[in-house]
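Here's the structure we're looking at; comments come further down.
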Amino acid sequence: MSSPTSPTSSPGRHHWSNSKDGMPPEYTNQDPNSDQADNENSDAKAHQPQHSPQHSTENQGHTGTSDTSSLEMELSKLHPESKQRQLPHSPEHERSRSPIASVVSYRSHMTLEDENQIFNAEMAVRGSQSLQRRPTGRSVRGSMRRLSSHRSKSMRTSKSKKSGDYERTAENEEAAQEAENHLDNFGVVTFGTEAPIKAPDHPVTIFGRIFKFIQQRSFYLRSLIYIIPLGVLLLIPVFIGRFYHPQPPYRDELGHEYERHLHVGGVDLMWMAIWWEIIWLSIWAARYAAKVIPYFFAFFVSFISNNVTKWRCMAVALEFPITLFLWMLAVYVSFLPIMTRRHIGDYGVPDHVRVKLPWQQSANNVLITLFITSIMNLVEKVLMQLIAMSLHRREYESRILYNKFAINELARLYGYARQRSFDFKDAIHRAQADVFKFADHQHGKKRAAAARVAQNALNKTTYKAISAFNFATDMVNKVAGEITNREVEKSSSPKSVVLHLLKTTRGCQSLARCLFEALVNPENPDLVLDDFIPVYTDETGEVDNATLEACYSIFDRDLNGDITCEEIELACVEIGKERKSISASLRDLNDSISKLDGICMFIVAVITLFIFLYLIARNFSGVLTSAGTTLLGLSWLFSGSAQELLSSIIFVFVKHPYDVGDRVDVMINGTVTSAMVKEISIMSTEFRLLTGKVIQAPNSLLNTLWILNMRRSDGIADPVTVNLKFGTTLQQIEQLRIKIIDFLKEEKRDYKPDLLTEVTDLPDLYSMSLCVVFFHKYNFQDEVLRMRRRNMFMCALMTYMQELDIVSPIFNSPGKSKDSPMYVNFNNGSMEGVKLSGGNDGGGTENHRDSTVGGGILKNPKAYPYREPTPPGSSDSDTASVSKKRVDFSLGTRHLMPAFDDVADIGSKRLGRDSLPDAVIENAGTEAMRREAEERRRAEEEEYERSQQESSSNEENENASRTSGARFSFSSKASRLSARPSARTVPPLQHISIQDLREPNENNTSKSARL
């Protein structure tokens, strides 16, 4: 909702000076710019929404009104009067203001909807979402928005779907948390190549419920639940083989007795069962080892790398491949020693002969194949992680660093604003407590008193449990942060509120207006750098200038020195969109890498098959020849698909010309198509056209096209070509340039103060094509802003051309103007009474021919922009002297030549970590990045100190040379020759100073005489 603007204010600027008696506008939901605002002011005051969980109805009676009034009183007592600039208390203002609006700053740009958005975010981060999902637990903001009847009906009729909505909301929260982890752990991309086994959302059978219950437990408890039952079952054959002997002992020829053992495939049953037990326990031992390996790996990597977190996260992502490798290693190593050393003879007696039975040889070949497969799988996963990390570092590291820094600074500013203007902590607790006083109404019917009391008690218990859980979570995070030396955000921290507000465009605008309201000076309509100093001043009074300037540059993109409320809104919206774009890009990148991983796994499976055939086949060469012949014969079938796949892989992972959310211009068949990147996959890309249509294009085709990425572009030049009348004077063109440049300087927030004009063509001496090139300060990523800026320029251009009487070439046609009359030739003779404009002597025709055809534009007095028309009676010499004055035929482009030198842009790199300020890296970077920034700053400081010392020593030497030079002088001949280099050695006591060389010869002579 826009704020009222004064008639003298520029468009898009927030002013409140048009209100009566210099007072700010009243807080209503009406648009201040609408014509009906004054007429409906009284109705808006009468229907002002209150802070209550439901609208007042006749069924609620006097209780709801009293509770709402008490809630308003509680909300109005949040801050002392010394910390706020409240509006004057009057009955009219009291009726028009909400309880939260009463504590808003004096020059408020915030509306009631903005306050609702912030209050909504504060409620959400404090764990009240579970109460909001319940019909009786609606928050205070529900009534403030006056829900429509359709929404109220849908909420009443959806009670049977609450459980399903809860599950979907939980899934969305998990997805949001995963995206948050992707943004936090930059430098590492974890892709889900091994999806965990998930239980159904709504299990029907008892076994499904049990499995879901087990899957929801922690890993260690879940592993014990799985290990113990099956491990105990596998111990049964071990005890049977050890203690149970159904047959009598065997006696050999010498009379020795041997116990007969049960055997399976010639191997003792006990040892066979032990090997089965090893198979089961080794998989969990490998899983536990994979959990511990990242910490040991990080310890050893810390000796050679500073970025330990990245490699530890990589080892965590490789948990499943490492588990598979260790498991197959244990199974393969334990198979042959157990099977060959525990052989049972023909009579069931161990013969202690190491014999490899045929089935054991075949099983060993299978285990070898699986072990090699696990090795190839681990190597393939490591390569995929390295590719993902390299692509992530190249494309997203700088964007994530800058976005995290911007969010951290927004959180700092919001924390300052919350302490300064409106702290909702007490209001939220009271509001949540008052919410429980209202009973739920189902289809307009009241529940029984006992049910209402029970429901209120349940809600209170739930609220207390949530508060206790949040408190316990904050305490655990605090202890964990002290142990790990890391700062952990609280559940109700300003950053959590900022992240919640950045999810929607409306929340971004509310956050921006809140920050502007808290920082702006009452005497200045805009923000300046000094307004941010209280936020970045520590307890000792020192100001963090580096972080302050970096934060100020987030909002002051045009570098004009001040920040308007609109600029903060655009910056916050851009930060929110950038965060969503990065999350979507990382998600699509993970999907693409997962598909590439699937392709590589198919290749690994083919290699595994050939290895297995090599181990079991007697004639492997024949099998390989047959397979090669078949593959060659079917090459025509999948050759095109293989080529398309290779082109797509190169396009996505090597070229990577765009990311999700980028606006691109693709040239297809000579036609430029503008679209927004919606989704990127390994084989195709989905675009959303500006018309709303969604199209899909294969990456193999896009690999051969020209693609213009608007987001990666800087300020863009926008040419406009206009056709003017032939004979348009240079004075008119110069005046047009001056007016347009003044317009660009006035609108310096959107345009650069540079203008290029070029006469491109003079077709048939009938018209003149003038190309006007102006420069935007931003790119064309936002189509709405591009249209707005171009419309402003086009309207200004049209207005100035109309003021200067610059017309279309159609006015050169006969009869269109007085300068180009239309002559009519009658075959029957001339018309009587018609007199030519040149007179009877025909001199007028000759003069007209001389002034237009013979003289041309250079002899036309109007063509000279810097001279007055030649007065009558002046001599030809005066006219010739005036005609010798220079005319700027470059149309103002001469002074712009050095400014548009494109040589410096050739070979320049994109925005990387080196181009980011140190404050951004220290605030949002990893520990390794912070150390690099500190080392770089330390090196710069040492270099600066060294240069200062050298400069001071040079000054001392120069002063010494001047002092010694005053005692010695040379003759005029020597002074003239002293400027040339000499091969002779200078005496040690003679010093030549520049001051001596610049003195006149007579001074040198007098000095030498005195010496």
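The backbone N, Cα and C atoms fix where each Cβ goes, glycine too.
Positions annotated as compositional bias 'Low complexity' by Swiss-Prot: 1-11.
Residues annotated as compositional bias 'Polar residues' in Swiss-Prot: 27-36 (among others).
If you look up Swiss-Prot, you'll see 49-71 (among others) marked as compositional bias 'Polar residues'.
Residues or ranges marked as compositional bias 'Basic and acidic residues' in Swiss-Prot: 74-97 (among others).
The compositional bias 'Basic residues' annotation in Swiss-Prot covers 143-161.
Annotated compositional bias 'Basic and acidic residues' per Swiss-Prot: 162-171 (among others), in sequence order.
Residues or ranges marked as compositional bias 'Polar residues' in Swiss-Prot: 873-882 (among others).
The compositional bias 'Basic and acidic residues' annotation in Swiss-Prot covers 928-948 (among others).
Per Swiss-Prot, the feature compositional bias 'Polar residues' maps to 963-975 (among others).
Look at Swiss-Prot and you will find 1002-1011 (among others) tagged as compositional bias 'Polar residues'.
Residues annotated as domain 'EF-hand' in Swiss-Prot: 543-578. Listed by sequence, the residues of this chain that lie at least six past the ends of the domain 'EF-hand' (543-578) yet keep a Cβ under 8 A from its Cβ atoms are 3, 12-14, 109, 399, 403, 405-407, 409-410, 412-413, 502-505, 507-509, 511-513, 515-516, 525-529, 532-533, 535-537, 661, 748-750, 777-778, 785, 917-920, 923.
Under the heading phosphoserine, Swiss-Prot lists Ser98, citing experimental evidence as support.
Marked as region 'Disordered' by Swiss-Prot: 1-101 (among others).
Marked as region 'Disordered' by Swiss-Prot: 124-177 (among others).
What Swiss-Prot records for 834-882 (among others) is region 'Disordered'.
Annotated region 'Disordered' per Swiss-Prot: 917-1011 (among others), in sequence order.
If you count C-beta pairs under 8 angstroms between the transmembrane segment (320-340) and each of 288-308, 367-387, 596-616, the highest count goes to 367-387. Each residue in the domain 'EF-hand' (543-578) gets a DSSP state, and the totals come to 25 helix, 2 strand, 9 coil.
Break the compositional bias 'Basic and acidic residues' (928-948) down by DSSP state and the numbers are 21 helix, 0 strand, 0 coil. Counting residues 6+ beyond its ends, the transmembrane segment (367-387) has Cβ neighbours under 8 Å at 188-189, 191, 193, 314, 317-318, 321-322, 324-325, 327-329, 331-332, 335, 593, 596-597, 600-601, 604, 607-608, 611-612, 615, 653 in the same chain. Same-chain residues lying 6+ beyond the ends of the topological domain 'Lumenal' (617-633) with a Cβ under 8 Å from its Cβ atoms: 610. Mean model confidence of the topological domain 'Cytoplasmic' (655-1011) amounts to 69 (pLDDT, 0 to 100 scale).
Helix, strand and coil residue tallies for the topological domain 'Cytoplasmic' (309-319), in that order: 10 helix, 0 strand, 1 coil [DSSP].
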